[in-house]
Amino acid sequence: MKIEVKVPTLSESVAEATLLNWHKKPGEAVHRDENLVDIETDKVVLEVVAPADGVLQEVLREDGEVVASDEVIAVIDSEGKASVERTRPVIVTEAAGVPPLADNHETAASVVVSFSPAARKMMVENNIDPARIHGTGRDNRITKADILEYLNARGGKSGRPLPEQAAAAPPPPPPLPSVPVAADGRLEKRVPMSRLRTRVAERLKEAQNTAAILTTFNEVNMKPVMDLRNKYKDDFEKKHGTRL
C-alpha cells in the first residue's frame with residue numbers, strides 16, 4: 001500500500017518551507033513516527049515523521065528545495081521490503097601485508113585551521129596561505145615555529161632540480177583551496193543564511209525603505225522662563241520650603 005508523506009500544514013503567515021536534510025534514503029526501512037526529514041520555515045524547524053511502518057519507496061523533493069504546505073514530498077510502501085544492499089552487512093577482509101589506503105584529500109569545508117596570535121601576524125605580514133602549512137601544535141594548531149620552518153623551506157629551494165631527481169620524484173598532490181584571511185588575520189567563510197535570518201534581513205531592509213528615518217532639531221528660547229524663575233524663586237522657597 002502506497003502512503004504519501006506530506007509537508008505539515010503551515011500557519012497562515014508562512015507560505016513555504018525549505019527541506020534541510022533527509023535522514024532516510026529510498027529503499028531503507030522506516031518505522032512509524034520516525035523522523036524522515038527536517039524542514040525549516042521562517043520561524044521554526046519542523047520534523048516530518050513517517051505516518052506508518054514500511055519502506056521509503058521514493059523521494060520527490062531533494063535537500064534545499066522549497067516546498068508548500070501539504071505538498072507530497074515522499075512515498076512509503078507499507079508492504080515493501082528494504083533493499084538487500086542496504087540491509088545486508090558487508091564483510092571486509094584485509095589482505096595480509098597490505099596496509100589500508102588512507103584518504104589524504106580533504107575538502108576545504110572539512111579543514112579547520114587554527115593558529116596562535118604570533119603565527120597569525122607572521123602569515124599576514126608574509127602573505128602566507130594557512131592551508132599550505134601543516135600545524136604541529138595541539139589539534140594541528142599552527143605555531144610560530146611552523147611559520148619559520150615554512151619560510152626557511154620556501155627560501156632554501158634550489159632553482160632547477162636534476163633530471164634524475166625530477167624523474168624519480170612523485171607528482172605533488174593538488175593544493176588545497178586557499179582559506180580567505182581578513183586584513184586583521186581572522187578567517188572568513190561564506191555560508192548560506194537560514195530562512196529565519198533571510199526573513200529578518202528582508203524585514204530590516206523593508207523597514208529601512210519604508211520608515212521615515214530622520215533627525216529633528218527644535219530651538220527654544222528659554223530666557224523668558226529663566227527670568228520668570230529668577231523673579232519668583234526666593235518667594236517660592238520661603239513659602240513652600242523648596243527651591244523652584
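Heads up, the Cβ atoms here are built off N, Cα and C, so glycines get one too.
Just so you know, TrEMBL annotations are computer predictions that nobody has curated.
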154-183, 214-243 - the range that TrEMBL marks as region 'Disordered': 154-183
DSSP helix/strand/coil residue counts for the domain 'Lipoyl-binding' (2-77): 0 helix, 40 strand, 36 coil
